Structure formats: structure tokens, C-alpha cells
Amino acid sequence: MAGGFSVSASAGSQFEAKITPVVIISCLMAATGGLMFGYDVGISGGVTSMDDFLIKFFPKVYRRKTESKDSNYCKYDNQGLQLFTSSLYLAGLTATFFASYTTRNLGRKLTMLIAGVFFLVGVILNGAAQDLTMLIIGRILLGCGVGFANQAVPLFLSEIAPTRIRGGLNILFQLNVTIGILFANLVNYGTSKIHPWGWRLSLSLAGVPALLLTMGALFVVDTPNSLIERGRLEEGKAVLKKIRGTDNVEAEFNEILEASRVAHQVKHPFRNLLKRRNRPQLVIAILLQIFQQFTGINAIMFYAPVLFNTLGFKNDASLYSAVITGAVNVLSTVVSIYSVDRVGRRVLLLEAGVQMFISQVVIAIVLGIKVTDHSDSLSHGYAIFVVVMVCTFVSSFAWSWGPLGWLIPSETFPMETRSAGQSVTVCVNLLFTFVIAQAFLSMLCHLKYGIFAFFSGWVVVMSVFVLFFLPETKNVPIEEMTEKVWKQHWFWKRFTDDDDRVVDGDDKNNTQP
């Protein structure tokens, strides 16, 4: 049944695997990459609403915020300010392509180490920034770190985790992103009281997760898949025994070996991605990333302090609110770790669609009625109500699109295109994160409360997509996705007809680049 695999499909799901300390420690270490990413996302929104920071780097915005009679929705509409936040994503996007190469040829472990080094240098430049150039260069280096970390970490987690808890372990990455955001919000809340260098402290504390990642990358083992892919078979088998806590690893070892043999026939992973039989994974990976950004989550997370400020909460109150949403984010991600391998991916995505749609429509209505261009603020009751609605939205995102947007692509690509596929995934994600980060404050200025209606429209689109086109992948071993998932799906099976794992003639004659 399974073309080319020696392992029968039924045996494939039953690889013997204990959840060993090595796996747990490796996963915790690796997932600090997520901590770093989250901290960088969360920190910029709070720092950009600190007066000391604005006076030093963006005096125009500061003047507009304090003196002017501009519309409430337009106080922060400044391309330079948006660039501070979004340069990180542009850099990450570029770095991803290099990261794909190192992930495949030098291993997951080294790629994480490179990410850690980028993070450390970026943090030093940011904390010591004297002018805008230094600030942006620091952000760009952090972005390179993000590109390398987001490429290596989800793959590392998917490959090292036993099948039955793969979903839960992989979401560790997303959980750490949310903890990073919460930690950033708490730090900003504290440092906003320290004048005039509180923002330096905020930016420098990113050194903590950066250090954890770098130290972690020195100590973890590389994944057996990666070692075998690079021809280090004995080492790969030894690591497999170690992480599975059993000597009985022949079946899984042979499956990885077979997948690796196929992967080695592919000289051009990116060209291979475009082949007809890889289309389902590619289309789904790309769309999931676009949809993840168009839920409007980053808009809300990045700019939570600024957003709440705009709604007329005062400085402290808006940081409070951001801390509350951050905490909700963390707790809900824990819900998803618990439920993803039990109820499955589809159920979580569909339920969340309904919840996100309702909360966004309600926010749009309240803001539309209550916050005009110049009215000063929401009344106490309404303000609390908006925060509750934002939390409802954030919680549903955090147990669905947040983690699953990363999990599903990392578990669906076959080995021969996995590294390239992950690259495309990260790249599309960062591209759209960049687009939204760069455009959000201007959109808020022009669309006003309509921005929430805009995002809610997208939520409907993505829920329909999930309903009809996203197959369930829970508890399916990675190397058996084609047989068990794509060939059984009403729509995608038409793409797998020619799946003989044939390598194009033109690829055979090429030598390894």
C-alpha cells in the first residue's frame, strides 16, 4: 500500500517511543527561539508608546501625540515608526533562504546556534542605540535571528517528538512566542516608569532569551532525521535510541532512511516544491500563513498599547490591558497543547473562526458608536467591554490559527521538500506580517473602526477554506501523510495520482550544488 516504504502503514503509527528527558529538555531549549520571537514582537509596541523613546527617535510622532488635534485614529501614523517594527520581518524574510540551506546541509542544531548569535548582536545594538540607524540595524539583525530560528525550531520539534505528542510538543514553540509577548508587556509596564532610559532596559532584556537559545543550541542533539539526511547513519541511529528511550528503533530508522534516500535524489528542493504532487502541501502552507496574519492578530498584539491608548485608556491602563491580553494568549495556547492531539486540528480552527468573527464584529460596532475622531475616550464600562472582547478574540486565535499555522505545514511536507517547504512557510508568514505591520497604523487612520470589520471578513473566508479543503492530520506519522491524508481527500487526491516519487530526468543528471 505505501509506495516504496518497507514499513506497512499499520506498523508506521506504532513506533515504540517513550517520552524521554532528552526529548523534553531538547524541546524546551529549542522552543526558546519562540520566546525570543515573541519578546521582539511584544516589546516594540510598548516601546513605541513610551515618550522617552519617541522624543529620542521620533520627535514628530511625539509632538503629534501630545499637542495636535489629529484624529484619535491617526496619532501614530508614521512610516518611520512602522519601519522600526517591521524591519525585523523584512530581515527575517531574507534570512529564511539562507537558513533553508544551513538547515538542510549543516543541520537543525547549527542553524539554531546561528540564530542565537544574531539575536545577541542585535540586542546589544538595540540596547545601546544612539540614533535611528543603529536602532534599525539592531532590529534587522534580530530579524535575521528570527528567520533562522523560525526555520529550524519547528522542524527540530516535529522531528524529535514522538508521533503521538507531536502536535503538543510543536506548539511549545508557539507557547513560548506567547510567553515572550507577555514577558515583554510586563517588562514594558515596569520600564515605562524609568526615565529617561527605560526603553533601553526593555530592548536589552531580550538578551535573556537570546542567551538561553545560544546556550541551548550548544547542548541539544541534532535530530536523527537531520543526521541521517547528512549521511551520518550510525550517529543518527544512536540519537534515535537515545531520544526514543528504547533500542527497538529499526522500523522508524528505516522509514527515516528511506525518506532520506528519496530526499537525496532531489537536487533542487525549491523546484521540486512546485511539482504537481507537492501542490496540496504548498497551497495549504501558504494559505495558512496568509490567513494567520489576516485574522488581525498581529495588528492587535503589536499595537495593543497604542490601540488602547487611541481608545483613550491612559498610558498605564493601556499597558495593563496589553498584559491582560498577553496572559490570555498564554493560557489559551496551553489549551491547544492539551487538545490538538485529542480533538484534532480542524475542530479547533472551525470553532475559533466563529468566536473570532463574533468578537471582531462586536468590537467594530462598539468603536463605531463610541469612539469618534476627537471624542476623548470610552466610558469605563465600554472600555472594559472592549478589553473583554479583545481577549475573546485573542484566546480563540491562540488555540487555533496561532499554533496550527506553524504546526500543520511543518508536519505535512515530505522529507525531500521539508526544509524548502518550511522556508516558504516562514517567508510568506514574515512577508504578510511585514505588510500588516507596515500598513496597520495607516489603515487604522483611514478605515478607523472599519479595520475590525475588514479582518472579520477574512475570518469568514478562512473558515470556509478549512471546512472544505483542510484535511485532518492528527496522529498520522509524518512520512505517511501522502498515503493516509492526501490520497484520501476529496479535493487533493487528484494531485497525488502521479505520485511515484519519480525524480525528473533533468534533476538526475545534475550534480549536487
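Glycine too: its Cβ is placed from the backbone N, Cα and C atoms.
Feature annotations, courtesy of TrEMBL:
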DOMAIN    26-474  domain 'Major facilitator superfamily (MFS) profile'
TRANSMEM  21-39  transmembrane segment
TRANSMEM  80-98  transmembrane segment
TRANSMEM  110-129  transmembrane segment
TRANSMEM  135-157  transmembrane segment
TRANSMEM  169-187  transmembrane segment
TRANSMEM  199-221  transmembrane segment
TRANSMEM  282-306  transmembrane segment
TRANSMEM  318-340  transmembrane segment
TRANSMEM  347-369  transmembrane segment
TRANSMEM  381-402  transmembrane segment
TRANSMEM  423-443  transmembrane segment
TRANSMEM  449-470  transmembrane segment
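A contact links the transmembrane segment (169-187) to the transmembrane segment (318-340), because at least 3 Cβ pairs that are 6 or more residues apart lie under 8 A. Ranked by Cβ pairs under 8 Å to the transmembrane segment (135-157), the stretches 110-129, 318-340, 423-443 are led by 110-129.
For the domain 'Major facilitator superfamily (MFS) profile' (26-474), the model gives a mean pLDDT of 86.
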